[in-house]
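First up is the structure itself, then whatever we jot down about it.
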Amino acid sequence: MKVVLIRHGQSLWNLENRFTGWTDVDLSNAGLEEARKAGIILRENGYSFDVAYTSLLKRAIRTLWIALHELDMMWIPVYKTWMLNERHYGALQGLNKAETAKKFGEEQVHLWRRSTQVRPPALDKNDPRYEASNPKYKGIDIPLTENLLDTEQRVVAYWTHHIEPQIKAGKRIIISAHGNTIRALIKYLDQVPADGIASLNIPTGIPLVYELDHDIKPNRHYYLGKDGFMPEGTIPKTL
Ligand SMILES: O=C(O)[C@H](O)COP(=O)(O)O
């Protein structure tokens, strides 16, 4: 069984090198093109899908729409959930990553970005960036900050309760999500230790195929790059 994971195409804040998290920024022009190429690569490799999953953030939703358009499969069911949102970056959201590193040091920023345990400074509930009043989060106790383990808990809960049963039922699945959502899922699927996941980065807009056995355990994974292109940060083979 195959599941295709794809990190959204480049976003406007990826382009500006800003911490994004739950901020609902759209794709850049390059990101729109990446999404289009992803759909074409999937089509050219004969992929088709029965069900799609994505977050509540437009950069992932639009990436999915564009890819499904290229596959002529915009008609399939699409489930959107906050549980697949990007890791919440707390009070770092909106800050430039390079400026933040100058202010707090590279080591501290690396810990905030890549450690599994360290949470960035939390948002204050009076902060305009705190989105509890946003109707899309009605009834949800949204986080003020997250480390990767927090993100992994919600991503794996959704994977286990909603996506795995569909895979077991033979459905072909595509998930359009975010760098840390996918890092969290890979950590769980491949049982990657904390120090291993710290060095893993997910490229934008390149389909990542997971081949799973009947126990939904990974047999192998690979990127569908153009002409066999393998992006940097390929997932560790040994786990
Ligand atoms: O949320 C963000 O800033 C990016 O999408 C992911 O950022 P990171 O690679 O610094 O975790």
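Using N, Cα and C of the backbone, Cβ positions are placed for all residues, glycine too.
Automatic, uncurated: that is what TrEMBL annotation is.
Lifted from TrEMBL, the feature list:
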{"type": "BINDING", "residues": "7-14, 20-21, R59, 86-89, K97, 113-114, 179-180", "note": "substrate binding site"}
{"type": "ACT_SITE", "residues": "H8", "note": "active site, tele-phosphohistidine intermediate"}
{"type": "ACT_SITE", "residues": "E86", "note": "active site, proton donor/acceptor"}
{"type": "SITE", "residues": "H178", "note": "site 'Transition state stabilizer'"}
Binding-site residues listed as G21, G179, least Cβ neighbours within 10 Å: G179
Packing count at Q10 (substrate binding site) (other Cβ atoms within 10 Å of its Cβ): 22
When distances run from the Cα of H8 (active site, tele-phosphohistidine intermediate) to each of the recorded positions E86, H178, G179, the nearest one: H178
List every residue in the same chain as W13 (substrate binding site), at least 6 positions away in sequence, whose Cβ is under 8 Å from its Cβ. F19, T20, T23, V25, G94
Please list, in sequence order, those recorded positions from R7, H8, Q10, G21, E86, G179 with the Cβ less than 6 Å from ligand 1. G21, E86, G179
Structural state of Q10 (substrate binding site), classified by DSSP into three states: coil
Can you name the residues of this chain that are 6 or more positions from R87 (substrate binding site) yet have a C-beta less than 8 Å from its C-beta? G21, E146, N147, L148, D150, T151, H178, N180, T181, A184
Fewest-neighbour residue among recorded positions, criterion Cβ within 10 Å, set R7, H8, K97: K97
Return the residues near E86 (active site, proton donor/acceptor) by Cβ distance under 8 Å, restricted to its own chain and a separation of at least 6 in sequence. T20, G21, W22, S55, L57, A177, H178, G179, N180, T181
Would you mind pulling the DSSP three-state label for the residue listed as 'active site, proton donor/acceptor'? coil
Looking only at Cβ atoms, how many others are within 10 Å of the one on H178 (site 'Transition state stabilizer')? 28
